[in-house]
Amino acid sequence: AMEGGPGARIREGDCAVLKRDEVFKAVSVLRRRKIIFEKQWFYLDNAIGHIYGTTFEVTSGGNLQPKQEVEETTTDTKEAGTDNRNIVDDGKSQKLTHDDIKALKDKGIKGQEIVQQLIENSTTFRDKTEFAQDKYIKKKKKKYEAVITIVKPSTRILSTMYYAREPGKINHMRYDTLAQMLTLGNIHAGNKMIVMETCAGLVLGAVMERMGGYGSIIQMYPGGGPVRAATSCFGFPKPFFDNLHEFPLSKVQSLLSGTFSTETLPADPEESALVEEESNGLSEEKQISLQETEEEPATEAPMEINPTEEQDTMDMNAEDGEFKENKEKENKENVREKQIKQWERRKKLKEAAALLREKNADGLIVASKFHPTPLLLSLLEFVAPSRPFVVYCQYKEPLLECYTKLRERGGVINLKLSETWLRNYQVLPDRSHPKLTMSGGGGYLLSGITVVLEKGRPDSSTSEALKVEEPASKRCKLQDLPC
Amino acid sequence: MSFVEYGDTIKDGDTAIVFLGHESMFPVKVQHGTVTQTKYGVIRHSTDLIGKKYGSKVTCSKGGWVFILHPTPELWTMNLPHRTQILYSTDISIITMMLELKPGSIVCESGTGSGSLSHALIRTVAPTGHLYTVEFHQQRAEKAREEFREHGVEHLVTVTNQDVCKNGFGVSNIADAVFLDIPSPWEAIGHAKSALKAEGGRICSFSPCIEQVQRTCLAMEEYGFTEINTLEILLRVYNVRTVSLQIPDLGKAAEDNSSTGFDSSNPSHQGSPCANLQEGTVQFKSGVPLREVVGHTGYLTFATKS
């Protein structure tokens with residue numbers, strides 16, 4: 001069921017994204033918590049209860065106030081020049097000083113009025129062309145009429161935010177590249193997906209959003225545990241996490257060779273999560289709550305623990321004087337708790353292993369800092385035939401090698417190495433053109449489809465490779481549009 | 001199988017994709033008793049397809065073989081019969097993400113065209129969402145309905161045969177997103193706004209010409225849309241090739257022992273572990289761009305109704 005679409009209201013505890021023009025920042029919605037965003041300080045208290053997408057102004061007290069729809073006061077005198085041949089930029093055309101402007105701000109004068117004052121006190125304004133005036137007004141408005149919109153997190157918002165603010169955390173994966181991955185991978189409700197990513201959980205979150213809580217996901221992770229900082233920002237309802245599993249990469253080889261056991265568990269994920277936790281503008285509270293979603297609470301007593309023993313512990317009350325005895329019991333409880341947690345973790349690990357062993361996943365997504373080849377060659381074993389897979393890499397060269405190794409392995413068709421080129425535009429009457437800056441690169445993708453892998457046939461892979469690779473002379477004649 | 005749910009084995013009535021080799025494939029309607037001709041020979045549906053696992057290799061009568069693939073909207077886009085110019089997966093991907101589509105979303109689309117985007121939208125909003133698609137050409141609308149039925153997704157889509165600029169989408173205040181790919185999108189912005197939920201939603205307009213984009217942006221502004229943003233996206237594909245470059249013959253240094261010039265026998269000068277001696281080749285792997293690529297499909301303009 002659709003939860004919290006555009007009609008959703010801002011609630012305390014939510015992860016919300018603040019937006020001002022093209023700048024985004026993710027924050028936890030908490031009362032009496034000072035937020036700094038775009039050189040402004042404010043509290044989010046007044047925003048609680050409003051619909052996501054509402055635009056606010058920051059009052060002098062640091063509170064948010066919904067922006068009223070104001071009639072744009074158009075400058076009556078449409079006095080303007082024709083070009084800038086006589087305009088000299090000597091830095092002296094604005095008669096208001098820094099102090100003057102500060103005084104206006106301190107008086108509580110609204111941004112719109114300040115902009116009006118700046119226009120009136122500019123000696124060169126009326127000589128500017130209409131376009132230059134327009135640009136000037138837009139620039140001043142951006143600076144002095146600071147409005148903030150609170151938007152609901154989504155793949156679109158978060159992938160744009162991460163690419164702009166912390167691209168290193170997501171291996172410089174541009175948002176349109178992520179969009180391609182989700183579509184090429186045919187991510188949809190009901191899939192059984194394998195996801196391996198080191199993108200702060202952004203890719204996992206995007207996959208979860210497109211699956212809508214249906215189906216299942218097995219997240220492969222390096223080291224002690226998966227990082228899901230970005231995932232928690234999506235604000236998925238709890239049931240979404242019921243079918244989210246994780247499995248350590250360090251156990252993949254043993255699983256493939258049949259020697260898998262749960263005797264040696266990877267390092268405590270709680271500790272690893274603390275160490276690897278990133279704060280992308282998230283307040284501490286969110287980090288702690290992330291831990292909570294990671295740790296599965298032990299809801300049922302494991303079979304090994306003697307139920308009567310537990311009963312005794314509970315019957316103990318404070319009236320029983322012996323402090324030492326209580327301390328001993330406390331220690332026993334801690335040990336028991338640890339045992340329960342370990343038992344839970346082993347159980348989950350076995351479940352995840354069982355899911356992988358079925359070798360019938362509906363797709364594979366890889367987006368990590370690691371070399372993709374070993375990941376693909378091993379994880380593809382868990383994917384059913386006739387299913388798509390997509391690998392992201394910041395660099396092209398590792399994917400060249402990956403492609404070659406996949407050809408040698410066989411069992412894959414329709415291999416495609418690609419990148420997308422993205423350009424934003426300014427569209428204004430008589431002033432339309434591509435924007436001045438653009439991203440130099442957004443990463444590369446290698447995608448393909450699995451087929452039944454025929455082992456033991458000495459010449460099958462080479463003949464497949466020959467068949468699948470178009471000879472050079474024919475390539476030029478292809479009329480199909482490559483997409 | 002269906003376009004919105006994976007199945008393991010090929011069944012009678014399925015639409016399957018026959019893969020013959022590099023960028024050579026076609027869709028086939030699986031039916032008991034029928035045969036399909038390929039350049040490798042005949043495929044008999046009853047014996048070669050039905051009951052086989054998707055992804056299997058099928059040997060045809062002449063001895064050559066093909067793979068049978070499970071349909072996906074992406075494969076469908078590459079193989080569907082064109083009634084109009086279609087949208088390809090590159091544009092479809094960014095549209096899906098920027099419109100924030102997911103299971104349960106309600107989407108409005110016009111024009112339906114050949115149903116390329118439609119199939120992708122249906123896949124994304126399934127199982128609880130819905131697509132309302134409007135097509136003003138009667139035959140195309142009917143063909144689309146037929147295809148959705150054949151592909152088992154008719155419960156997720158409603159095709160309406162009317163002019164969206166005059167009569168809108170046939171629904172109001174329910175859509176999370178609206179998509180326009182029509183000659184005069186600015187004439188449909190008002191209808192788009194009323195189709196969208198009162199609390200807000202996203203809109204996207206696709207136009208090949210910048211003049212269309214300009215008019216559409218103006219209309220969006222007039223109707224109170226915010227966050228208006230225009231972009232274009234292009235796909236660059238690379239062919240993985242092993243390339244050999246010849247090392248030129250630069251002649252020999254002087255005959256005596258004093259070696260002032262380039263010492264060709266020293267491997268460190270060659271700069272590559274695969275290098276042979278001076279008269280040889282250097283091999284390397286490269287991602288080679290295609291000779292001709294798509295340079296433009298259309299401009300995508302997104303906006304928010306709040």
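Cβ atoms here come from the backbone N, Cα and C positions, even for glycine.
Curation does not apply to TrEMBL; its annotations are automatic.
The model shown is predicted, which means the values in this text are computed figures rather than measured ones.
Copied from TrEMBL, the annotated features are:
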BINDING   B:SER114, B:GLY115, B:SER116, B:LEU117, B:GLU135, B:ASP163, B:ASP181  S-adenosyl-L-methionine binding site
REGION    B:256-276  region 'Disordered'
For B:SER114 (S-adenosyl-L-methionine binding site), nearby residues of its own chain (Cβ under 8 Å, 6 or more apart in sequence): B:LEU80, B:PRO81, B:HIS82, B:ARG83, B:THR84, B:ILE86, B:ARG140
Site diameter for S-adenosyl-L-methionine, Å, by largest Cα distance between B:SER114, B:GLY115, B:SER116, B:LEU117, B:GLU135, B:ASP163, B:ASP181: 20
Which listed residue (B:GLU135, B:ASP163, B:ASP181) has most other Cβ within 10 Å, given these are binding-site residues: B:GLU135
Count of other CB atoms lying within 10 Å of the CB belonging to B:SER116 (S-adenosyl-L-methionine binding site): 24
Among B:GLY115, B:LEU117 [binding-site residues], residue with fewest other Cβ within 10 Å: B:LEU117
